[in-house]
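Trainee: This structure is in structure tokens; I'll ask about it shortly.
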Amino acid sequence: MNEKQRLEQTGQIQTASHPADRKSDLERLKAKTTKDYEKYFTSVFLPPNLKEAKKRGKEEVQYVKDFTIPDEFRGMGRGRKFYIRTYGCQMNEHDTEVMAGIFMALGYEPTDRPEDANVILLNTCAIRENAENKVFGELGYLKPLKTTNPDLLLGVCGCMSQEEAVVNKILKQYQYVDLIFGTHNIHRLPYILHEAYMSKEMVVEVWSKEGDVVENLPKVRKGNIKAWVNIMYGCDKFCTYCIVPYTRGKERSRRPEDIIQEVRQLAAQGYKEITLLGQNVNAYGKDFNDIQYGLGDLMDELRKIDIARIRFTTSHPRDFDDRLIEVLAKRGNLVEHIHLPVQSGSTEILKMMGRKYTREEYLELVRKIKAAIPDVALTTDIIVGFPNETDEQFEETLSLYREVEFDSAYTFIYSPREGTPAAKMNDNVPMEVKKERLQRLNALVQEIAAKKMKQYEGQVVEVLVEGESKTNPDVLAGYTRKNKLVHFVGPKSLIGQLVNVRITQAKTWTLTGELANEAIEVN
């Protein structure tokens, strides 16, 4: 859904099909409830619809070049404070930066204490059931604040809001929630807040299909050393276990000139590192109709900008092409760290997951990358206990991990997500077996990580100093180009700077060192 479609559906642009469509949406959700919740709905009621979310139609994605806040909303937040709690991935972190920017443009002030806030938003993650349970627990914890402060607005946004079952559960069990909006319409936050203030009823506005690409959104970035830069939105891969294509919509890329301008501005402001973000970041540009331009082309232009480091996440093996490998091999400010989720080492399981590559194709891609960038640090994601996974298929995952020798991995027990094809499969792997497999995998991950880290002892590495250690304020902490955490003693004036550190001790997940005078040759 884009802005034109939203106006049609809410009645601001009249269409012949609108009244029936809107009534059917309302009746569809109400049919799943035991009470009449229509009194909680407002004129902007747009429920999530997973069936609609799966469609990848030809509706044109609108590019809005300049975000603006209408004059009537300016000052809305004067004398009010906002609090946002963020769950999940870097995309959610970036979305929170945007929402904070909008709040402050409206006149709100930030607070770190939910009890002091006039608006509380939970920016949610839907990737696993555990993440959702945390949000529902937090909603229960926040309920007393609504009693003590009736004017408080409590909202749920992010990926969970795109799920029908979640919205239905909130309508049934958390009726004190004031607003629900999704991932595609963050730029409409001023309108949603206004509606919530004016109606004093629950406001639900979730777009289930295409979103817009909106430029020049205000942002409040955390710190001034590293920055996220969104280069695309959505995912069209539809892996059978994954809810993201439903919650984040179709793939849609920002124009390269807008991205390049943003990175140049960040470099001019003194940022040292940027991370390019996308649910499937190396599908960037595949939706362009007027130019042939991919992530490799974008990286080739960004590497010419005077900024120390450029990363990207998360990539999909299917879209990792030779052009991207060729550009990454030029190095410079393009770091030699690639996150490349494999999910399983079994071709049969990969097929059931809908990953569209085989074990052999993944290993061939790894060989290409290592041939071009011999010292590359590869990290990955792996799911254990997928429906029908046998002991032999799990052993294939272990053997692939040993062959690639990843630097680290995010490992998970399979978590069924309602509305995905895998959720309909017979989940026939007992939980005790899943846990045992996860333990074995994690033991291997730690074994190889320790081996990889040991190689750093005696080496001099470049460290971007981010601040004090979380455990010792007298120790500084920062990250290498390969994303290794380094601790060392030094003056606080080094925070935000690139320094050389000689590694004296390696642990499984951290390195310890001392300031070094030696220069590092960067190819």
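For all residues, glycine too, the Cβ spot is worked out from N, Cα and C.
For reference, Swiss-Prot lists these features for the protein:
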REGION    1-26  region 'Disordered'
COMPBIAS  8-17  compositional bias 'Polar residues'
DOMAIN    80-198  domain 'MTTase N-terminal'
BINDING   Cys89, Cys125, Cys159  [4Fe-4S] cluster 1 binding site
DOMAIN    221-451  domain 'Radical SAM core'
BINDING   Cys235, Cys239, Cys242  [4Fe-4S] cluster 2 binding site
DOMAIN    454-517  domain 'TRAM'
Trainee: Could you state the whole-number distance in Å separating the C-alpha atoms of Cys159 ([4Fe-4S] cluster 1 binding site) and Cys235 ([4Fe-4S] cluster 2 binding site)?
Mentor: 13
Trainee: Whole-number Å only: compute the distance from the Cα of Cys89 ([4Fe-4S] cluster 1 binding site) to the Cα of Cys242 ([4Fe-4S] cluster 2 binding site).
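Mentor: Cα of Cys89 ([4Fe-4S] cluster 1 binding site) to Cα of Cys242 ([4Fe-4S] cluster 2 binding site) measures 14 Å after rounding.
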Trainee: Through the lens of DSSP with three states only, how would you label Cys125 ([4Fe-4S] cluster 1 binding site)?
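Mentor: Reduced to three states, the DSSP call for Cys125 ([4Fe-4S] cluster 1 binding site) is coil.
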Trainee: Per DSSP, what is the residue tally for the domain 'MTTase N-terminal' (80-198) in helix, strand and coil?
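Mentor: The composition, in the requested order, is 66 helix, 23 strand, 30 coil.
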Trainee: Counting Cβ atoms within 10 Å across all protein chains shown, which of the binding-site residues Cys159, Cys235 comes out on top?
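Mentor: Top count of Cβ atoms within 10 Å goes to Cys159.
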Trainee: If you skip the near sequence neighbours and keep only those at least six away, which residues in the chain come within under 8 angstroms of Cys242 ([4Fe-4S] cluster 2 binding site), Cβ to Cβ?
Mentor: Ile127, Cys235, Arg417, Thr420
Trainee: In this structure, which of the binding-site residues Cys89, Cys125, Cys239 has the fewest other Cβ atoms within 10 Å of its Cβ?
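Mentor: Counting other Cβ atoms within 10 Å of each of the binding-site residues Cys89, Cys125, Cys239, the minimum falls on Cys89.
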